[in-house]
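Student: Okay, here's the structure, questions in a sec.
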Amino acid sequence: METIAVIFGGRSVEHEVSVVTGLQVMENLDPQRFTPLPVYITKDGVWYSHPEFTKVESFRKDRLDSTLRAAYRVHWEPVPGNVLRLESQEPAERRGWFAKAKTPEVQEVRVDAVIPALHGTYGEDGALQGFLELTGVPYTSAGVVGSAVGMDKIVMKSVFRGCGIPVVPYEWFTREAWERDPDAVVARLEANLSYPMFVKPCNLGSSVGISRAENEAELRQAIEIAQHYDTRILVEQGVERPIEVNVSVIGDETASRASLCERPLSWEKFLTYDDKYIRGNFNKGTGASREIPARLPDEVTERVQALAQQAFHAVQARGVVRVDFLLTEDHQIFVNEINTIPGSLAFYLWEPAGMPYKQLLTELIDIAKREADRKRRNITSFDSDLLEKFQRGSKLGKV
């Protein structure tokens with residue numbers, strides 16, 4: 001059996017969404033091949049593990065504190081070896097997974113792969129991926145570059161535009177620019193974009209902090225909301241009566257394939273956090289109602305799927321992603337964003353085509369292992385007599 005660390009929670013406004021994704025992943029791992037090791041990161045950034053973290057009841061407000069007190073602190077050094085150190089806070093107790101501890105206080109667990117189920121900051125933005133690169137453990141998400149680009153909406157759109165991928169007109173500015181001269185910011189936005197506009201924090205997801213503005217007063221209010229969540233704010237020109245279409249892509253740098261297209265169905269003018277996660281059943285993915293496959297002309301479906309794969313490779317993604325599109329009524333296509341760790345890992349886009357969640361997770365782990373094997377072939381050291389020749393106080397330049 002292989003031990004798969006599933007990391008979820010985290011210091012993010014998408015904390016609760018991540019917990020749901022993590023629980024779904026652990027429930028659907030192939031029990032014939034894998035044993036899940038839950039690694040829960042609190043909103044304060046502390047890492048814990050406990051067998052009860054596979055159950056949603058452990059995260060209820062009336063249970064979480066007591067579960068954390070009984071949990072094990074997770075210590076993981078950023079060195080090759082793939083070993084987590086689990087330290088009990090209650091040495092007298094032996095529980096579930098931890099019955100084999102070498103001492104009453106500590107157990108070391110070797111991890112075969114990691115599934116990052118974190119959404120948003122410090123989990124989907126390259127921070128965790130950088131740490132995992134230092135350990136050498138295979139992990140199922142995009143790497144540092146792909147994660148960082150996929151999280152930063154401004155950089156993402158710049159990359160898409162540079163690769164010839166269509167995006168809606170947009171502008172961006174800093175929180176400091178807004179605080180220094182809000183009138184100048186509004187004037188620039190109104191000169192370059194048309195209403196309606198969508199105002200977004202640069203580095204958040206799940207529609208948190210996003211507002212639609214129909215006029216100057218709403219624009220100013222939307223910016224005030226967004227600037228509380230990030231130091232940079234993105235403003236996009238809205239598409240009139242847009243058709244929202246999402247598609248998932250799975251693969252790596254060598255090959256990829258696209259899922260069926262979905263069309264989210266919302267009674268709002270855009271999908272809010274509540275649309276996505278509160279008003280429906282998490283076991284079906286997100287809470288939003290959806291049409292799968294989306295009823296689109298075949299040529300439009302094929303174009304959307306091709307652009308999704310192009311976006312996947314443009315940001316150097318890996319594993320499974322979801323690419324969100326906006327279509328006009330005459331089927332002009334714009335890529336809105338790429339999610340490198342989509343909610344529920346977008347399993348609901350693959351199941352209708354015959355790939356159950358269990359199979360999706362197994363494929364992601366296999367992709368992660370192949371990527372780790374490829375990286376191990378790289379030369380990471382170089383013998384040199386540079387230090388022998390270096391004199392204290394001398395200047396050293398790169399050639």
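Note that Cβ sites are derived from N, Cα and C of the backbone, with glycine treated the same way.
Please treat TrEMBL annotations as automatic predictions, because they have not gone through curation.
Bear in mind that the values here come from a model prediction, so they are computed numbers and not experimental data.
TrEMBL lists these features:
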ACT_SITE  Glu14  active site
ACT_SITE  Ser206  active site
ACT_SITE  Ser344  active site
BINDING   Lys153, 198-200, 206-207, 236-244, 336-337  ATP binding site
BINDING   Asp324, Glu337  Mg(2+) 1 binding site
BINDING   Glu337, Asn339  Mg(2+) 2 binding site
DOMAIN    157-366  domain 'ATP-grasp'
Student: According to DSSP, folded down to helix, strand and coil, what is Pro242 (ATP binding site)?
Tutor: coil
Student: So of all those recorded positions, Lys200, Pro242, Asp324, Asn336, Ser344, which one's Cα sits nearest to Glu14 (active site)?
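Tutor: Nearest by Cα distance to Glu14 (active site): Ser344.
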Student: Going along the chain, which residues six or more apart from Val239 (ATP binding site) have their CB under 8 A from its CB?
Tutor: Val168, Leu326, Leu327, Thr328, Phe334
Student: Inside 10 Å of the Cβ of Glu14 (active site), count up the other Cβ atoms and send me the figure.
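Tutor: Result for Glu14 (active site): 24 neighbouring Cβ atoms inside 10 Å.
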Student: So which of the binding-site residues is most packed in, judged by how many other Cβ atoms lie within 10 Å of its Cβ, out of Glu236, Asp324, Glu337?
Tutor: Glu236
Student: Tell me the Cβ neighbour count for Ser344 (active site), meaning other Cβ atoms within 10 Å of its Cβ, over all protein chains shown.
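Tutor: Other Cβ atoms found within 10 Å: 21.
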Student: Nearest to Asp324 (Mg(2+) 1 binding site) by Cα, among Lys153, Pro242, Asn339, Ser344 (recorded positions)?
Tutor: Asn339
Student: According to DSSP, folded down to helix, strand and coil, what is Ser344 (active site)?
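Tutor: For Ser344 (active site) - judged by DSSP and reduced to three states - the answer is helix.
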Student: Taking the Cβ of Lys153 (ATP binding site) as reference, which residues of that chain separated by at least 6 in sequence fall under 8 Å from it?
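Tutor: Listed in sequence order: Lys200, Cys202, Asn203, Leu234, Glu337.
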Student: When you measure from the Cβ of Asn336 (ATP binding site), which residues in the chain that are at least 6 apart have a Cβ under 8 Å away?
Tutor: Val167, Val168, Asp324, Phe325, Leu326
Student: What mean pLDDT does the predicted model reach across the domain 'ATP-grasp' (157-366)?
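Tutor: Across the domain 'ATP-grasp' (157-366), the average pLDDT comes out at 90.
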Student: How big is the gap, in Å, between the Cα of Glu236 (ATP binding site) and that of Asn339 (Mg(2+) 2 binding site), rounded to a whole number?
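Tutor: Pair distance, Cα basis, whole Å: 18 Å.
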